[in-house]
Each structure stands twice: as structure tokens, then as C-alpha cells.
Amino acid sequence: MEHTYQYAWVIPLLPLPVIMSMGFGLFLIPTATKNLRRIWAFPSILLLSIAMVFSLHLSIQQINGSSIYQYLWSWTINNDFSLEFGYLVDPLTSIMLILITTVGILVLIYSDDYMSHDEGYLRFFVYISFFNTSMLGLVTSSNLIQIYFFWELVGMCSYLLIGFWFTRPIAASACQKAFVTNRVGDFGLLLGILGFFWITGSLEFRDLFKIANNWIPNNGINSLLTTLCAFLLFLGAVAKSAQFPLHVWLPDAMEGPTPISALIHAATMVAAGIFLLARLLPLFISLPLIMSFISLVGTITLFLGATLALAQRDIKRSLAYSTMSQLGYMMLALGIGSYQAALFHLITHAYSKALLFLGSGSVIHSMEPLVGYSPDKSQNMVLMGGLRKYVPITRTTFLCGTLSLCGIPPLACFWSKDEILSNSWLYSPFFGIIASFTAGLTAFYMFRIYLLTFDGYLRVNFQNYSSTKEGSLYSISLWGKSISKGVNRDFVLSTMKSGVSFFSQNIPKIPANTRNKIGSFSTPFGAKKTFVYPHETGNTMLFPLLILLLFTLFIGSIGIPFDNGVKDNRILELTILSKWLTPSINLFQENSNSSINSYEFLTNAISSVSLAIFGLFIAYIFYGSAYSFFQNLNFQNSLVKKNPKKSFLDEVKKKIYSWSYNRGYIDFFYTRVFILGIRRLAELTHFFDKGVIDGIINGVGLAGFCIGEEIKYVGGGRISSYLFFFLCYVSLFLFFIP
């Protein structure tokens, strides 16, 4: 087994040959390389598949052997300082290796067809292969300096891929926004690394964990300084995993191609922050203040992400806020010390979210011939609807991914989310209430996405499908030349002027002869004639969806407890995942539930599933075919008092959707406080520099020049000037003599 571990360093390097080959090909023989560009997908997939097989072999050995292997190379700079580089293979590493390689392979296969007509096909495969290499290097790193090196490479690749279509100004601004926002977290991470190096004189994980086990409990070092450095490390994870308040880059990152959105949200960039916290949890767990702060940030993020997803119209941005919320669940689990539940949800969410993003890409691909290739139209759920008849395979896979994320058994995310909910209730009722309520919201907004996309009838002719620029805050423009002047505070997803109501209680009566001319947002009463219809994507794009569907159906089984005997009338818990994670859990002696009561499990499961079903039901009432049915019968108006004033419930509903659609006004706040504030400070500094500093210096120079000119004039050899000053001096002398 040790012989196999010795070659684990090859895994991150396997995708590099194809990257270098494509680079040399584009440089030396560009015409031939571009003409044969589809061939380059095969070696990219092949090499990553070899890495996956190697990773799977290591994982099997981890499960059977339960050991940790670390290999180091030491580079001595001088007698007092040396750098150590190496790789670490433990359960966390093996989990991430399988996650990255499996999702990465499926994304590469999907991209071969999705990007086939794009001029940047080769450039895309170079970027995405290097992205996989960077993430594989990150998870195998044995110390903080290596993690930071690959951390920056991951950020660079995300910058390149988010701005892949850099000729579009909005995409160029989006990658800049992601880069600048992550700079805040990366700066904190670097300061935290330097701080711990100053404390311990080492960057190795074993030395940091020694602090956690020995020095901190015995007050061997300054706990305040250690807490500050740990907070700075956590700041890096906050930015990379899109946690509040550094989450604003994530929805705008959807400007990149859809396959890279799947990779970023499933297995690479946003997973890097969770991985960093999981790797350093033995250190954080000895700092109760930091653990409380982590759980608080996770709780805020999971609730905020769910509320911001409620009213989004862009299918990819809705899924992006869903990712933000689910990452909040993982952060909460790590904050309360539930290491196994956090990693379990990381695994299940990765496959479910990859399925959803690739499914959304299939939907976008099928809509583009109808509405055009502008993301404002092809990704707008308002113009979709009724796609279940045209893309049945995509619809089935998307529905399974949706139900998984909603927490419906026996799909993957049910098992992991239920474990997080149970542990959060045990840790704090406050966290349990927020997490459980958000689980219901998750079911609501996820089923909303499904219904608006696949239910009802096709709405390609729907008018007023997007709000005006003056009416809403487009945060992506904050990083460009223009800045939105206002915020739409009264926006609700409705079209009042056209007589079509989305959430209005006062629904106008629609004459029979006009029902075929007006389309409801949720489900139109009739579809206009069109000669072009959406079509199912090719087999190359459907194959990854079907494989991810299998993962979504069965990956949850690794966390299902099996009977391992009875002790004190309780069934001892044994899962594949717990056996897999045994060495890592032993590092910090996680006080997890070593046993499980079947009654407690059923109680928790019934409550969580009930919340999910309730959310699904409410979403169907508002967005499904039932809404159109009630609207035609004028059913809702019979339940509401008819008065000219809007009801209180309608106002609350309006404010909630205005909050959600405008991203909680957080981007607006950042614009006013930070961006415009920094610009005004820069203008004030420029004025002070030019007006005051330069004014004083120029004034001194001018005064010296004038004095010199006067002296030159006086000493110019004129007798009259000499007599004048002589008389002046004599007069002053006589004046002061008493």
C-alpha cells in the first residue's frame, strides 16, 4: 500500500501533458492544431480518467487500511530556514480526488459538444484542464504554503473561465468582480499563514495540529493572536466559498460557459473553501470563538442564499444562489463540529448540483435557436415553460437533481442534509430553526425553477420578460464604467400593465376571446404559433447527465447507517463514509453521534421531508399549472376582499420579492459605501495632492523666485536703489533710537 502512495504525486500532474501539447501546438502549428481541435478532447478526458482510476484505488486502500500517508521533500535555504514540499494522502484527500476527477471527466465530455462551435474551443480545454490540475494540487498539498500556491492558481483559472467570452463587457466585468472580491479573502489567508508561521516557525499541518492539541489548551501561546490568525485563514474560505459577506461574485460568475459553472459549483472553486476548513478543523476546533463564528456565518449564508434565490429569473443565477445556501449548510456543519456531515453534504451536493447545472446547459442549448444566443433570453426562465414535452431526458434528470436538493428520500442530498439538520438542532435550537426553515425555502425555490422551466406551455413570445435598467440594480455594472442609479424597491414578478398578474391578488377577468393572446408568467392560457421548437441535446451531452443521475440516486448510500450491533438499546452506527473518515476524525476526536436511535432518525426524517413537501406544494400553487387553473376560475379573487388598497399580505409579498430580485440590496450597499466611497476618497486625495501638497511646494518655489528677482533688481548697480535703501535704514535707525 505504501508503494502505491509513493506515486500519488502523479495525480495532479496527469492533465499537464495535454495542456502543454495544446500550447505548443497553438504556438508552432496553429492552423493544424485548430483544424484538428476536436481531437484534443480525447487526451484531456483520458488523462483525467487515469487520475480518477488512481484516486479510486487510493480511496479503496483508505477505506480498507485507514491510514494517513505523507511524503516530503526538503529544500534547505540556509541553516536556519528550509522549505518543505510534499503531498498528503488521507481520507479527506481521497474524497476530494474522486470528486474532482469524476465531475471533471463528465464536464469535459459534456463540453466537447457544448463548446464545439465556439472559436475558443481549445482555449477552453486548456483552461479547464489547468483548473483540474490546480484543484488536484490543492487537495494533495501537505502544508499551507502549497495550499496558497494552488489556491491562487484556482483563482486565476476561475478568472479566465468566468471571463472566457471576454469580448462581452458584462463577462469581462464579472471576472474582474470575482477576482477583486476574492483578493480580500486571499489577502486574509496570506496574513493568517504568515501569522502561524511566526507563531510556530512551520507551515506543516502536523505542527499546527500540535498547537491545537498541546499549546492552546495549556495557554502555551497567546490565544488572542492565534484566534486572529485563525480568523484570517477563515476569511480566505469565506471568499472562495461565497459566504456572506463576500458572496457577491458568485451569481455574476454565471457569465462563463455553463460547463465551467458546473465545475466551479460542484468540485473546484467553491469547494476549495470548505476543503480548507475541513483540513484545518483540528486547529479551529480548539478555538471555540472561531467555531461559533464559523457556524454563525454559515447560518446567515444558508438563509440569505435561499431568500435571494426566490425571485431570480436567470436559471443559472438561481442555481448559483442555491449553491451559496448549500455551502452555508456545510459551513454550519463544520462550525458545530459535524465533520462527517459536512463532507457528506459536500459529496452529495456536488453530484446533484453538477447534474442541475449541466441540465440547465442542456435547456439553454435547446432554447437558443428559438430566442437567440443572448444570455438575457436563453437563460431567462420567463421565456421557457413546457419543455418537458421537448426535452424529456433532460427534464427527468433535472427533476431528480431538484428533488435531491429539496431533500426528498431516497435521493442523495436527503441523507446528508437530514444529518446536518439533526446535528444543528442538538447543537443549538436557533441554528436548528433557521436550518429547518431554510430547508423548506430550498424546496420552494428549487421546485420554482423546475416549474418555470418545464411546466405549462412554451412562453417564447412573452412580453416584458425582463425589467428595465432603471428599475433594478445590476450589481455586475458596479465594476464597469456605468453604475446603476436606482434600485427597484417595488418590483414584483408581475406584468400589471398588460393585464397579466404573477403574484397579484387582484387578478383581472380575462375574456374568452383574448385568452389566447395573453400569456401568464407561470402558465399561459394558450401558446402562440411557432415553427421552431426546442429539441433534446445530443448523446454526448446526455451521457454525463445520465451518469450524474446515477450518482444522485445512489451516492447517498455511503452515509446510510448499517446495523453494527446493539449497545445500551441503541444501534451502533457504521457507514462507509464513517469508516472512510476514521483516521481524520481521530485527529480531533470528533464527538459525533456514535450511535443512532431508529425512532429519532425517523422523527427527524419525517419532519425534514414534511418541510420539503410543504415547500414543493407552495411552489406548485404559485408557479405550477394549478395557478393557471385558479386564475381562470377567478378562484383567488373570491378569497380576497375587494378593496382599492393593497392587502398587507400583498405588500409583504412584494417587499420579499423586491428584496430577493435586487439581491438583498447588498450590492447596492457595497456600491454606495465601498466603491463610490473609495472613488470619492481617491478624488479627495487627488485634490489634496494637487491643491495642497503641490500648492505648498509650488508656492515655496514661487516665493523664492520672487525674492530672488527682487534681490537681483536691488543689486543691479543702480545708485538710486542704493541711496533709497540707505535712507530707509538710516530712518529706521533714527526711529528706534530714543
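Heads up, residue numbers simply count up from 1 along the chain you see.
Positions of Cβ are set from backbone N, Cα and C atoms, glycine also.
Over in Swiss-Prot, the protein carries these features:
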- 9-29: transmembrane segment (TRANSMEM)
- 39-59: transmembrane segment (TRANSMEM)
- 89-109: transmembrane segment (TRANSMEM)
- 147-167: transmembrane segment (TRANSMEM)
- 258-278: transmembrane segment (TRANSMEM)
- 354-374: transmembrane segment (TRANSMEM)
- 396-416: transmembrane segment (TRANSMEM)
- 425-445: transmembrane segment (TRANSMEM)
- 542-562: transmembrane segment (TRANSMEM)
- 610-630: transmembrane segment (TRANSMEM)
- 691-711: transmembrane segment (TRANSMEM)
- 717-737: transmembrane segment (TRANSMEM)
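With a cut-off of 8 Å on Cβ pairs spaced 6 or more residues apart, the transmembrane segment (542-562) and the transmembrane segment (89-109) reach 3 or more such pairs and are scored as touching.
If one looks beyond the transmembrane segment (354-374) by at least 6 residues along the same chain, the residues whose Cβ comes under 8 Å of a Cβ in the stretch are 103, 106-107, 110, 114, 258-259, 261-263, 265-267, 315-316, 319, 322, 380, 383-384, 387, 390-391, 394, 397-398, 400-402, 404-405, 453, 460, 530, 532-537, 541-542, 544-545, 548-549, 551-552. For the transmembrane segment (89-109), same-chain residues at least 6 beyond its ends with a Cβ under 8 Å from one of its own Cβ atoms are 5, 8, 11, 41, 44-45, 48-49, 51-52, 55-56, 58-59, 62, 68-70, 125, 128-129, 132, 135-136, 139-140, 259-260, 262-263, 266-268, 271, 275, 278-279, 343, 346-347, 350-351, 354, 358, 540, 543-544, 547-548, 551, 580-584.
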